[in-house]
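Engineer: The 5-phospho-alpha-D-ribose 1-diphosphate binding site feature in Swiss-Prot is assigned to GLY86, 89-90, THR94, 96-99, 114-122, SER126. Residues or ranges marked as anthranilate 1 binding site in Swiss-Prot (evidence: sequence analysis): GLY86, ASN117. What Swiss-Prot records for SER98, GLU232 is Mg(2+) 1 binding site. Taken from Swiss-Prot, the feature anthranilate 2 binding site applies to ARG172. The Mg(2+) 2 binding site feature in Swiss-Prot is assigned to ASP231, GLU232; the stated evidence is sequence analysis.
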Amino acid sequence: MTETADLWPQLLGQLLDRQSLSEAQAEQLMNGWLQNQVPDVVSGAILAALQAKGVSAGELAGMARVLQRASLGSPLDLSLLVDTCGTGGDGAGTFNISTAVAFVVSAAGIPVVKHGNRSASGKVGSADVLEALGVNLGAEPERVRAAVAEVGITFLFAPQWHPAMRAVIPYRRALKVRTIFNLLGPLVNPLYPNRQVIGVYAQELVPVMAEALRLLGREGAIVLHSREGLDEAGLDQPTDLGILSGGLVRTEVLNPADYELTLAPTQALKGGDVAENAAILTQVLQGSGTPAQQDVVALNAALALQVAGVAPDWRAGIAQAREILARGAAWDRLQQLVHFLKA
């Protein structure tokens, strides 16, 4: 017990010296948090020190492994499984772009396990808007899991699948600033997707998150941040990408001006309250949103389609996503999920 008690101040000292934790140390720390072994004062100091130092890929990977193992899920027996969960936290108040993307990708025939929560950034999280559109957030876990095979998409409401994380809620609420937990959500999907698109709230996180995904064994991923400040690919400025493919991470820049898209400022992508965002999502998935709304979803869906291996390049992915949106197939997929989770 003394040995464990001595460990936490040791880890804090290491972080204050601006030395990153190893993956093993990060696992120890997360286990300590979940088992309520770390004193509150030390926990707060560790979270602040991590944030001040800058989170490393190894710290993210180590903590994510523990949280995934502690979740109520387990891997699905599928060779291809995609998630489009981002970090949120960009503060831009856009409509739920990555949520719309999930239904486009599913309508393309790719199994999707969308992991999400209530709002972390602007006004409306994926769980908020999907609940407003009729998705049962309280469906039984086995029903949620079965939706992947039966519908082609499911939604995992994070608090239902991560009961162990209740242990860390007091630290997060007390600090009222961003912590490593804001980054862990997209990495701990309980159904273990092997391919992901993750938007992050800061450019410097792109290579860090991409490397964390590599350490966690993902087969393919794109991590992105738009220079407009979005955790999505926008229609005004280039987007920085960290691409994980073949076990290697490379960086690229995606310029919307190169792809015959509707170029538009962030203002054109704004959402509102839950009802407004639900209305926008309905229009977009039915193919009747504004040109900017339709195209920002098509662009971000193209990234996911390429990660999934069904689009040879972004241009082809954009065309495929536009066609899916135009015929209302993504809306049909949402209605199928609503019906299945209510049964």
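Placed from the backbone N, Cα and C atoms, the Cβ positions cover glycine too.
Just tell me what is around each of these and how deep it sits.
Structural biologist: With a 10 A radius on its CB, GLY86 (5-phospho-alpha-D-ribose 1-diphosphate binding site) counts 31 other CB atoms from all the protein chains.
The DSSP secondary structure for GLY86 (5-phospho-alpha-D-ribose 1-diphosphate binding site) is coil.
Cβ-based neighbour count (10 Å, all protein chains) for SER98 (5-phospho-alpha-D-ribose 1-diphosphate binding site) stands at 25. DSSP assigns SER98 (5-phospho-alpha-D-ribose 1-diphosphate binding site) to a helix in the three-state reduction.
When secondary structure is read from DSSP and collapsed to three states, ARG172 (anthranilate 2 binding site) falls in the helix class.
ASP231 (Mg(2+) 2 binding site) carries neither a helix nor a strand DSSP state and counts as coil.
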Engineer: List the same-chain residues at least 6 positions away in sequence whose Cβ sits under 8 Å from the Cβ of ASN117 (anthranilate 1 binding site), in sequence order, or say none.
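Structural biologist: Result: GLY125, SER126, ALA127, PHE157, ALA158, PRO159, GLY185.
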Engineer: According to DSSP, does ARG118 (5-phospho-alpha-D-ribose 1-diphosphate binding site) fall in a helix, a strand, or coil?
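Structural biologist: Going by the DSSP assignment, ARG118 (5-phospho-alpha-D-ribose 1-diphosphate binding site) belongs to neither helix nor strand, so it counts as coil.
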Engineer: How long is the line from the C-alpha of ARG118 (5-phospho-alpha-D-ribose 1-diphosphate binding site) to the C-alpha of ARG172 (anthranilate 2 binding site), rounded to the nearest angstrom?
Structural biologist: 15
Engineer: ASP231 (Mg(2+) 2 binding site) to GLY86 (5-phospho-alpha-D-ribose 1-diphosphate binding site): how many Å between their Cα atoms?
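Structural biologist: That separation, Cα to Cα, works out to 7 Å.
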Engineer: Quick one: Cα separation, THR94 (5-phospho-alpha-D-ribose 1-diphosphate binding site) versus GLU232 (Mg(2+) 1 binding site), in Å?
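Structural biologist: So the Cα of GLU232 (Mg(2+) 1 binding site) lies 9 Å away from that of THR94 (5-phospho-alpha-D-ribose 1-diphosphate binding site).
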Engineer: Between ARG172 (anthranilate 2 binding site) and SER98 (5-phospho-alpha-D-ribose 1-diphosphate binding site), what C-alpha distance do you get in Å?
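Structural biologist: Between the alpha carbons of ARG172 (anthranilate 2 binding site) and SER98 (5-phospho-alpha-D-ribose 1-diphosphate binding site) there are 25 Å.
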